[in-house]
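Chemist: First the structure, then my questions, so here it is.
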Amino acid sequence: MRLPSIFLVFFYLFARTLCWSPEVSLLHGVDSLASIIPFDDSSTILSVGRKGVNVSHDYGRTWETKLRNKGEYPVSVTLNTFRPNSRAFVFLNGKLYGTHNEGSDWFESKFPSDRQLTKALTIDFSPFAKDVIIASFVAKDNQNDEKEFNYVSTDDGKSFRVLDVGQEYESMRCRFLSISHESNFPHNDNIICMTKTSSPDQNKLLLSENRGKSFKELSIGEDIAFDNFYLTNSYLVIRSIRDIHNKAAEVDLYVSSDAKDFKKAYLPTTLRRSDIRRIIELLGRKMFITLTRSSESNVQDDNGNTLFTDGLVSNSDGLKFTSFSTSASKSRTTITPVEFLNGTFIQKQVGRNSGGYSISIDNGNTWRKLKYSDKGNKNPIKCQDENDCNLELLIPQIFHGPTAGILVMLGHINDNFSDQQTFISRDGGLNWEMGLEFPGIYATGDLGNVIVACPVDPSSDNDPQSEIYYSLDQGMTWSEYQLDEMFIPIDVINITPDGSGLSFILTGFSLDKPDDQRPNIDNRVTYLIDFNNVHDGKKCKAKDYEKFELAEGSCINGAKYTFNRRKQSAKCIGGEVFKDLLFDMEVCTECQEQDYECSSEFIKDSKGVCVVDEKWLSATGNCPSTDIKKPAMRLIADNMCKKELPIQSKSVSCKNKNPSDPKDIPKKPKEGDRPTFGTGDIQATFNTFKGKVRFYQYFDTDEDESLILATSEGEAYISHDSGQTYTHFNYNKPKVHEIVFNEYFNSSAYIFDIDGNLHVTHDRGYTFDTIRLPASLQLGLPLNFHSKDPNTFIYYGGKNCKSIFDTNCHIVAFITRDGGKSFSELLPNAIHCEFVGSSLKLSDSDDLLFCQVKDETSSKTRQRSLVSTTDYFETEPKVVFQKILGYMTNGEYVIIAVPGENHEITAYVTMDGDEFAETLLPYDLDIEQPEAFTVLGSSTGSVFLHFTSFQENSVAFGSLLKSNTNGTSYVKLQSNVNRNEAGYVDFEKVQGLDGIILTNVVTNADEIKDGSSQKHLRTKITFNDGVDWEYIKPPKKDSSGDSYHCKSNKLEHCSLNLHSYTERKDFRDTFSSGSALGMMIGVGNVGDKLLPFEECSTFLTIDGGKSWTEIKKGAYQWEFGDHGGILILSRDGEMTNSISYSTDFGKSWYDYQFSDEKVLVSDIVTVPQDSALRFLLITADRIGRGFESGTVTVDFSGLFKRQCVLDFNNENHDDFDYFSIGNSENECIFGHKVKYLRKNSEECYVGAVSLSQFTRVMKNCTCTRADFECDYNFVRQYDGTCKLVDGLQPGNEAAICKKDPDLVEYFQSTGYRKIPLSTCQGGLKLDGRTEPLPCPGKEKEFKQKYGISGSSFFLLFFVPFLFFVSAGWFVYDRGIRRNGGFARFGEIRLGDDQLIEENTTDKVVNTIIRFGVASFEVMAGGFGIIRRIANNSFNRITGRMNGRYRPSYSNLMHDDFLDEADDLLAGHDDDANDLASFMDDDSNFDIEDETTSVNDSGYRDQSPETENVVDSNN
């Protein structure tokens, strides 16, 4: 029985449909590393690779070689952007080739013959002038040097000429002003170029209106440095640089819509040079800036997504930007526009505050969460609740299109990152479904109706062979096609760039074996996948289409957009090949609120209402001085809605918002008025926080002004613009417990939360990795870091702890070496460990680790030991000390405190972590049993220690000691130096200037010990690292011009005294700044003792402490900015709403009111380098609803006109001068004359450049007494000499022999040692060694080393003696005897011709005789002089004894002085004051009077009574 024919036809069609597959061909002849470039609206493909240029006109089935590569230069290809269907250029073999007919024919472009092209950089095409091309190449000039050259062609690339802009430059970037056919610039061939030099302030912006024949310079504004430009259809955007010395400098944007007039755009936050990734234009002429705010060049999140950590969107005139982030916590986000779907954006919140993905389909006005659904229950990964099923997309910035709302993306559900899948959306990204269970590369065809995907892992389906999957119904169903090769896919593209075609090329690298991990890059696999015969080539009819409305049919910028797309189930080809995706547009009749934006004077609040933008008004000054009415909203540019809404005007109060208005402020300010150098004004930005601000710290980098702030409520905030804007770190997350910064890696910080998590950032808080800490109680102890490995650190936790007071609770040290991914217990009972090997310069191992270990068996005595390891305790540790009190690492030293039997402390020091030496304390320390000491620092080559000599009833003071260079022996610098209960000492080194130290001493120590008085403090200062001390010289007048009232004008009764380190609320608030060289600010008083804080005034010095000025009555807080170019003060401990500031190094002061209401300013902070123009005020206030704190960011950048010019080639015409620290230009400090750099103009700011690097050492000086300090156990006398401490005998140096059994000899100390900082040369030499002495018991070895044996005696003495006797006899025989003998010796005179000279020998002998005669006469005369001096001395002595001494006026000669100096110091060698013995015979030196300091006299080469200056050169 036959089946009906109609049934056979149906069965045939069904079977054909079921068995249909695309035509897949393996292509041959394609280079393994070739680029595949399809022409638009064409079947022609270019393959450009190592072998050359191949062309295929049949979708790659057959290839023809057109150009062969010789391999001399890199190969590149560029398709003509505006004629992509026919024109392309290829750079090959150092030449440029072009085609005008899809690669069928190629021509060589002609260039000037004097240059050899080596690399193509850019080729740019005009959308309107089709025959004009501009190109940039690297070429060799006549000297064979490679440089960048720019060319222009006016004949469609056949020939090029040099683009001569008439400017010298290092590089140049040129573009056509019109970048597309939709450009709003004039439709012509105008060319915009920017020339670049090594200094951005010399860059030029140039415009040509005649195809590059001539250029004119465009003016952006006066004193504006810029380094880049961006083009959109409506705007030319210039990126200007505020600081030309900083690679990560802040930038401003200047915008022009006509390439003539430029206006500065308002930015809501600071931007850096590295922040801007790209600028695109959205509907309504709005610009969108994607930002990558990180020090890393390609920061990625856990999914591999590049982090656009924020976005900025402008209003429709391009001049006012607002943040595009939508997170309630302002978390870091990735924001990506879907460019072929107008108004559609996808946003991913990244990091701790991640809220998943959200989407906007109305140009960013509203946002909604991406919705995932599992229709048909196909996904093996399930969610308990579909509402909690978060879709995480993998690469949201890559969309294959264009399509009519059909999107394909990779991603995963919730946290299942390892289970990547392929997802499909058919409504423009609002709703998503799983397409494939595995990740793959993909492409769309027929405008999204056909989808091709290839698994990234060929074995994802348990089959080692590669395959492709394809869908013919927009991703609803999928079919598999098995391929013949095993390979790793690299890319799949639609050969038709507009997405309309049905042919694809799949490329990859083959795998030799199924288990290969690395593909063979020399064996490329290329497939052609052809879908042109799908559905038998049937074209869709009208019934097969549906309407897809963009934005769900809502109006976007006044219009509705509708796509006509194929139905999902239709069995036909929906589009036409080479026909672009089109949409229908319908103008909206009624305008809606979303068609409007806030007027420039307004900004949307949290409820979406336009309110007055006071920050914008203050920053720009764009309003008159009187109140005005302004519409709060305006229609967005290019909006097409017809019937506008009635917009009400709102009052804008502009009082005090535009202080730069010339009507309000005179151009030359009077005293007390603000300076008006710049075009803007000081800006203040407020932020408030619930609770008290308890932590704040800047990252110590110049990349930006990032900081972390935490409150008493456990909330943490991150700012990258010095507190203008904040990110809430733990929004709706666990409270913050502790914050630690890495002292060695300035971009790293660690945040502990109360749930046992550690959040780590290595990019200044832009991104964080979350680490689960080992199970333990957080004790709030600091982390210990490896100084050379940021991934290695030690964490301390409490084990067996129910609470911190639990008796079973003990500290455990955990170490991680992989950045916290894993932790291991370092050592049982280790309570304090440090990576000393990574910080000690002399250590043999960077991994040397010291640990203080608690002995659990001696809990009552709290015994601690010190152990070391170099293998992280994999082997048995080395016990360094059995008992210690503690240890600390300070610079180049590790100092260990070891307990003695009678509660005294012994300190040991090491510089390499292996050899330890007991510190030798001076004999005159006045401390019977040292019970406490403080290590004060070691930055100048010596260790400073404070040993406590008295501590009772919260009163403490002690001796200040300084070590030699290896930290072992100490001398006492000062007694009774003030200390507090916590061990902090009134000791501070002036930052940036070596050897200047301030300290407070207790002047009534005896009364305090007796209990009869309170502390009386006075401040002393040293300018030579502690050798000489003096009280601070006070100013003559106070800030009111009145004299100070002191009992005496002498310095010992009337000096400046300052409150110091022990009284500070924040120990970071130092007198000085390392960038404001020579400047110090302090609170104190003039008198014979330091008064209470509230009775003091505020003082300033700009010359390192030599002279001071009272700048304010009362106590003020202070901060330095811009290297001292800005000084700001705020009342300390009082409610205030203003600050005082100076821009001329304290000569004049101005007040700035930052608020109407008064607050308590608890601190003023800025970046650690003190180089910024912004300051952060930490404020507090008690209000009705509880305690509230805040910050005020005060920005001075608008106050200055320009950046200071630093030009060493033209120093008389820049903004800097060199100055010296000290009273005299000829003054030497530490053996050299130094000059420092400081700006000389108020109108400019310095920026981030380190001025200290330009410090000039003019020359080294000859050594004087000021270059030496007393040696160990020697004490300085009133006359400046160093004498042995009373009660000691010389020769104690022999003790060194006991410590080193191999030593044979030792040397006695001269009593002096050279200051480590001194670089003096020649002159006085006080630290020379004595003659060697034998070590006890080593006399024999000493004699062998320095003694003379019999044979040596014969050679050294007897042989020369025989020679001398023989020579003497010869001279006597040939000279003296022949000429009459000794009888004529007294008659011989130089120049006489009486001597016998018959030959040359006689002449030589007679010359010797004449020299001997002359020498004898000099010796005889010298004997007479000595006899007269002896007689005169006897007479003077007897005259004094008899009371008949009279003034004597003698002409003291150089030699006479030396002789008398020897007499003066004779017999005092043990007191180390024999200065004459240390002087080089041929050295010149000056001896002059010096000012006597209080208690400590400067050294005098003359007696104190004389005032004469004796110069050895006279």
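Even glycines carry a Cβ here, placed using N, Cα and C.
Swiss-Prot feature annotations, pasted as is:
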type     : residues  : note
SIGNAL   : 1-19      : signal peptide
TOPO_DOM : 20-1351   : topological domain 'Lumenal'
CARBOHYD : ASN54     : N-linked glycosylation site
REPEAT   : 55-64     : repeat 'BNR 1'
REPEAT   : 151-160   : repeat 'BNR 2'
CARBOHYD : ASN342    : N-linked glycosylation site
REPEAT   : 359-368   : repeat 'BNR 3'
CARBOHYD : ASN416    : N-linked glycosylation site
REPEAT   : 423-433   : repeat 'BNR 4'
REPEAT   : 469-479   : repeat 'BNR 5'
REGION   : 651-677   : region 'Disordered'
COMPBIAS : 658-674   : compositional bias 'Basic and acidic residues'
REPEAT   : 717-727   : repeat 'BNR 6'
CARBOHYD : ASN746    : N-linked glycosylation site
REPEAT   : 814-824   : repeat 'BNR 7'
CARBOHYD : ASN966    : N-linked glycosylation site
REPEAT   : 1099-1109 : repeat 'BNR 8'
REPEAT   : 1141-1150 : repeat 'BNR 9'
CARBOHYD : ASN1260   : N-linked glycosylation site
REGION   : 1480-1514 : region 'Disordered'
COMPBIAS : 1505-1514 : compositional bias 'Polar residues'
Chemist: Based on Cβ atoms within 10 Å, give me the single least packed residue among the glycosylation sites ASN54, ASN342, ASN1260.
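Modeler: Checked ASN54, ASN342, ASN1260; of these glycosylation sites, fewest Cβ neighbours within 10 Å: ASN1260.
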Chemist: Sorry to bug you, but what's the C-alpha spacing from ASN1260 (N-linked glycosylation site) to ASN966 (N-linked glycosylation site), rounded to the closest Å?
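Modeler: Rounded to the nearest whole number, the Cα-Cα distance is 24 Å.
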Chemist: Could you check which of the glycosylation sites (ASN54, ASN342, ASN416) sits closest to ASN1260 (N-linked glycosylation site), going Cα to Cα?
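Modeler: Comparing Cα positions, the candidate nearest ASN1260 (N-linked glycosylation site) turns out to be ASN416.
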Chemist: Do you know the DSSP helix, strand and coil residue counts for the repeat 'BNR 9' (1141-1150)?
Modeler: 0 helix, 3 strand, 7 coil
Chemist: How big is the gap, in Å, between the Cα of ASN746 (N-linked glycosylation site) and that of ASN342 (N-linked glycosylation site), rounded to a whole number?
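Modeler: About 43 Å separates the two Cα atoms.
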Chemist: Taking DSSP three-state, what's ASN1260 (N-linked glycosylation site) in: helix, strand or coil?
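Modeler: In three-state terms, ASN1260 (N-linked glycosylation site) counts as strand.
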Chemist: Which is it, of ASN416, ASN966: the one of these glycosylation sites whose Cβ has the most other Cβ atoms within 10 Å?
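Modeler: The residue with the most neighbouring Cβ atoms within 10 Å is ASN966.
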Chemist: So how many other Cβ atoms are close to ASN746 (N-linked glycosylation site), meaning within 10 Å of its Cβ?
Modeler: 16
Chemist: If you measure ASN342 (N-linked glycosylation site) to ASN416 (N-linked glycosylation site) at Cα, how many Å is it?
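Modeler: The Cα atom of ASN342 (N-linked glycosylation site) is 32 Å away from the Cα atom of ASN416 (N-linked glycosylation site).
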Chemist: Pop the Cα-Cα gap between ASN416 (N-linked glycosylation site) and ASN54 (N-linked glycosylation site) into the table, whole Å please.
Modeler: 44
Chemist: If you average per-residue pLDDT over the repeat 'BNR 8' (1099-1109), what number do you get?
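Modeler: Its mean pLDDT is 95.
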Chemist: What else in the chain is close to the repeat 'BNR 3' (359-368), if you only count residues 6 or more beyond its ends and a Cβ gap under 8 Å?
Modeler: 282-284, 286, 313, 324, 326, 341-347, 428-430, 550-552, 554, 556-557, 594
Chemist: Per DSSP, what is the helix/strand/coil residue tally across the repeat 'BNR 3' (359-368)?
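Modeler: Per-class counts: 0 helix, 3 strand, 7 coil.
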